[in-house]
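K.L.:
If you scroll down you'll find the structure; I have some questions about it.
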Amino acid sequence: MNPYVLAILLSSLGLGTTLTFASSHWLLAWMGLEINTLAIIPLMAQHHHPRAVEATTKYFLTQATAAAMIMFASTTNAWITGEWDMNNMSNSIASTMIIIALALKIGLAPMHFWMPEVMQGLDLLTGLILSTWQKLAPFALIIQVAQTVDPLLLTTLGVMSTLVGGWGGLNQTQLRKILAYSSIAHMGWMIIILQYAPQLTLLALGMYIFMTSAAFLTLKTASATKINTLTMIWSKNPILTTTTALVLLSLGGLPPLTGFMPKWLILQELAKQNLPMTATIMALAALLSLYFYLRLCYAMTLTISPNTTNSITPWRTQTTQSSMPLTLSTTIALGLLPMTPAILMLTT
């Protein structure tokens, strides 16, 4: 892609998200979401592969549907209350519609069906943008609207997303689909705690972005998109194999890695709110996700590739990619748990 075009598209992505962050007016927020969607579409379709075009079309249709629902709900709210301000969502039907539309935008269950299909058709870097940056603007709106929505709706969305995210990833062999289901499960954790401690939602979102970035950048460095490709990484880059296994376990939420921190704090907060049943279901749903992360770790570190080649395997692969973003995201994804008290001081 032409670097000038790429620069325009990436700056439009940034502009759309910033516009939504800064707005307190529904029309402006809607405009930011639309700019965001339209900026990523050329990035998704840039390879002109039928799968990429199909994924782009699916993404566009779901995002356009969600945007139309947001527009309809905000117009309904403005018609009843007489103002477009986000903080005045007194109409319960309008606020419920907006939450459902935003859930469709970020791929919460049961509006998640587009997410694995779209992710499978994209290359790894565009998939990274879709899994991380594209979640920010809808989440900013969800956090502002959440207090006016029925708590049962948010709890249902959260529990369903963690269960579907764990259950759906069990049977997958494609790494992008596994990461899509992982994304759905993590979104569930963020939504479940939103009504009780929004700062923990932001903490979980931040940690999720770093861990997912580390996973995607690792796969990009290794050029891996299927589980059986992972079995061949260890001979080419043993250090990367080790850190990747740890990043995947961090995504699963095992101590003493960073991914344990948000899960621990969310379960603690749910227990404080006298919701032991919800906390138990969430903890058990996390085990489903952990199973498919362990599958990936097993394939990478404890098996060797069944394919025999006559060529000599290179012990070190030369890569032209910048290793700095990967190093930074991996370090954060692995070593932030000891910083929990300091992070808690900042978030409370």
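Placed from the backbone N, Cα and C atoms, the Cβ positions cover glycine too.
Not measured: the values here are computed from a predicted model.
As listed in TrEMBL for this protein:
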- 23-288: domain 'NADH:quinone oxidoreductase/Mrp antiporter transmembrane' (DOMAIN)
- 290-344: domain 'NADH dehydrogenase subunit 2 C-terminal' (DOMAIN)
- 57-80: transmembrane segment (TRANSMEM)
- 92-113: transmembrane segment (TRANSMEM)
- 152-171: transmembrane segment (TRANSMEM)
- 178-196: transmembrane segment (TRANSMEM)
- 202-219: transmembrane segment (TRANSMEM)
- 239-257: transmembrane segment (TRANSMEM)
- 277-294: transmembrane segment (TRANSMEM)
- 326-346: transmembrane segment (TRANSMEM)
K.L.:
May I ask for the residues of the chain that lie six or more residues beyond the transmembrane segment (178-196) and have a Cβ under 8 Å from a Cβ within it?
P.N.:
103, 106-109, 112, 115-116, 118-120, 127, 131, 135, 139, 142-143, 146-147, 149, 151, 154-155, 157-166, 168-169, 172, 204-205, 208, 212, 215-216, 251, 262-263, 266, 269-270, 273, 278, 282, 285-286, 288-289, 292-293, 296
K.L.:
May I ask for the residues of the chain that lie six or more residues beyond the transmembrane segment (326-346) and have a Cβ under 8 Å from a Cβ within it?
P.N.:
203, 207, 210-211, 213-214, 217-218, 221, 243, 246-247, 250-251, 255-261, 264-265
K.L.:
Over the domain 'NADH dehydrogenase subunit 2 C-terminal' (290-344), what is the model's mean pLDDT?
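P.N.:
Across the residues of the domain 'NADH dehydrogenase subunit 2 C-terminal' (290-344) the model's pLDDT averages 81 on the 0 to 100 scale.
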K.L.:
Out of 57-80, 92-113, 152-171, 202-219, what stretch is closest in contact terms to the transmembrane segment (277-294), meaning most Cβ pairs under 8 angstroms?
P.N.:
152-171
K.L.:
Rank 57-80, 152-171, 202-219 by Cβ pairs under 8 Å to the transmembrane segment (92-113) and hand me the top one.
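P.N.:
Counting Cβ pairs under 8 Å, the winner is 57-80.
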K.L.:
Using a Cβ cut-off of under 8 Å, list the residues of the same chain at least 6 residues beyond the transmembrane segment (202-219) that approach it.
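P.N.:
Residues packing against the transmembrane segment (202-219) from afar: 124-125, 127-128, 131-132, 135-136, 139, 143, 175, 179, 182-183, 186, 189-190, 193, 225, 240, 243-244, 247-248, 250-251, 258-259, 261-262, 265-266, 325-326, 329-330, 332-333, 336, 343, 347.
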K.L.:
Please indicate, using numbers and ranges, the residues of the same chain that are 6 or more beyond the transmembrane segment (57-80) and have a C-beta under 8 Å from a C-beta there.
P.N.:
26-27, 29-30, 33-34, 37, 40-41, 44, 88-91, 93-95, 97-98, 100-102, 104-105, 114, 117-118, 121, 130
